[in-house]
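As recorded in TrEMBL:
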| type | residues | note |
| --- | --- | --- |
| ACT_SITE | 111 | active site, phosphoserine intermediate |
| BINDING | 61, 174, 176, 334 | Mg(2+) binding site |
| BINDING | 61, 339, 343, 380, 381, 460 | Zn(2+) binding site |
| SIGNAL | 1-19 | signal peptide |
């Protein structure tokens with residue numbers, strides 16, 4: 001009953017919005033004046049060529065261009081406004097670009113090779129992290145030599161004296177966040193148990209450390225001021241009343257001991273619930289390890305709000321801790337569950353997670369200054385979700401297209417190229433689609449949207465992805481470019497080197513450029529151009 005009433009009210013509101021929008025948009029002056037106003041705002045947009053004190057990289061995992069379009073419409077419809085004219089927070093950033101996401105060995109990227117690109121500045125093979133393409137999947141020995149390993153912007157930042165941290169809604173050992181600190185031949189080696197289970201005796205893994213151990217015991221991970229996300233089991237030791245997976249040691253206790261040994265006068269807190277996080281005074285805290293779930297954190301639409309913090313809450317707390325750093329900071333924030341929902345073809349959840357991600361970016365914008373903080377928002381790869389069928393303006397983005405197919409049934413506006421076979425009649429020999437004419441079936445939070453090719457998990461897409469930037473040197477992120485250019489641009493903006501301070505570029509290090517001098521030259525060149533333009 002209540003579902004019917006709510007839907008009727010929403011439909012009425014959307015009809016009113018549609019009527020108002022149509023009246024306004026029928027006047028050509030509306031479009032001309034809107035266009036002129038936007039162009040005038042662009043003319044006033046200054047080029048900030050100063051050095052960035054802080055850098056925040058937001059990564060919407062699997063946030064394809066179609067996801068952005070559908071999410072902004074979804075946002076507007078939740079607010080009873082014209083969704084098509086809505087914006088996500090970062091879509092209003094002054095500079096945008098497009099990055100190419102392929103791996104060295106794959107046309108369609110996974111989150112491991114792409115993380116190595118946008119965090120380390122080097123493209124590599126699918127499912128490997130922090131290593132060159134000379135390392136094959138699962139080949140531990142080949143990942144050991146230094147010449148086969150690469151460093152991340154987190155390491156470069158620490159060399160420059162900046163604080164660092166990571167926030168994610170996935171396991172903190174998952175592929176995307178692992179790209180900030182790990183060097184490993186297999187993305188699934190998240191714990192020592194995983195290494196044992198996945199090696200099958202085919203490779204010598206005794207020379208390698210799992211991802212969780214690298215985070216706690218090796219640079220740059222052991223120096224992170226902020227670690228927040230899920231994945232608690234990968235850090236806890238197996239035992240009675242423990243859900244831990246580890247055979248060797250309790251890495252959480254290791255983290256506590258390390259902070260006490262190296263930073264005895266500093267305050268380090270381990271938190272596991274939303275309440276513990278919100279009760280922590282970040283202005284008086286130096287290190288935070290927050291593990292809020294045994295595995296990936298729960299989708300917002302399926303989570304317990306009392307026990308699990310939201311992505312915006314984690315982001316705000318991370319910035320509050322880091323913003324007191326005198327030399328600035330580099331922070332990585334991932335909305336990782338957009339991707340997980342797409343893999344299940346749960347479009348509604350994917351769009352909701354995108355809105356959560358947008359809120360986290362908005363909070364970061366509100367808490368920082370465009371004069372000293374570079375914020376870059378992007379995705380690692382696309383997904384196969386499409387938006388099609390000529391639906392009317394203001395039609396429910398999660399609903400039906402309004403068109404009929406050859407089988408005399410309508411279809412959803414959103415669908416996937418591949419994924420779990422839930423869009424056909426429950427019969428392995430049937431090619432008949434489920435009749436979705438009755439929209440009641442679509443109202444479920446975890447309704448699986450139709451897919452063409454039947455596979456257990458929907459795959460990534462090979463599309464280019466968007467990049468949005470604001471703050472110092474944000475104009476560097478315009479155009480179409482390789483994904484590995486992103487961390488190099490952030491390093492240039494912050495005036496930090498990709499090389500260890502005591503070495504030079506001829507030492508054989510993977511990253512050969514020192515960007516501090518180049519940043520100064522770029523700023524001088526832009527200043528000269530500005531003077532010349534003013535004199536014309």
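Cβ atoms here come from the backbone N, Cα and C positions, even for glycine.
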Query = Which of the recorded positions 111, 174, 176 has its Cα nearest to the Cα of residue 380 (Zn(2+) binding site)?
reply = 111
Task = List the other residues in this chain whose Cβ sits within 8 Å of the Cβ centroid of the Mg(2+) site residues 61, 174, 176, 334, in sequence order.
result = 59, 111, 115, 168, 169, 170, 175, 177, 335, 336, 339, 380
Key: Spatial neighbour of residue 381 (Zn(2+) binding site) that is closest, considering only the recorded positions 111, 174, 176, 334 and their CA atoms   = 111
Spatial separation of residue 176 (Mg(2+) binding site) from residue 343 (Zn(2+) binding site) - C-alpha basis, Å = 16
Note = Checking the binding-site residues 174, 343, 381, 460 for other Cβ atoms within 10 Å of each Cβ, the smallest tally belongs to 343
Query = How many other Cβ atoms are found within 10 Å of the Cβ atom of residue 339 (Zn(2+) binding site), counting all protein chains shown?
reply = 29
Remark   = Candidates 61, 111, 174, 176 (recorded positions); nearest Cα to residue 339 (Zn(2+) binding site) turns out to be 61
Inquiry  = Between residue 460 (Zn(2+) binding site) and the residue listed as 'active site, phosphoserine intermediate', how many Å separate their Cα atoms?
reply    = 9
Remark   = Within 10 A of the CB of residue 176 (Mg(2+) binding site), the number of other CB atoms across every chain shown is 28
Request  = In whole Å, note down how far the CA of residue 111 (active site, phosphoserine intermediate) lies from the CA of residue 61 (Mg(2+) binding site).
outcome  = 8
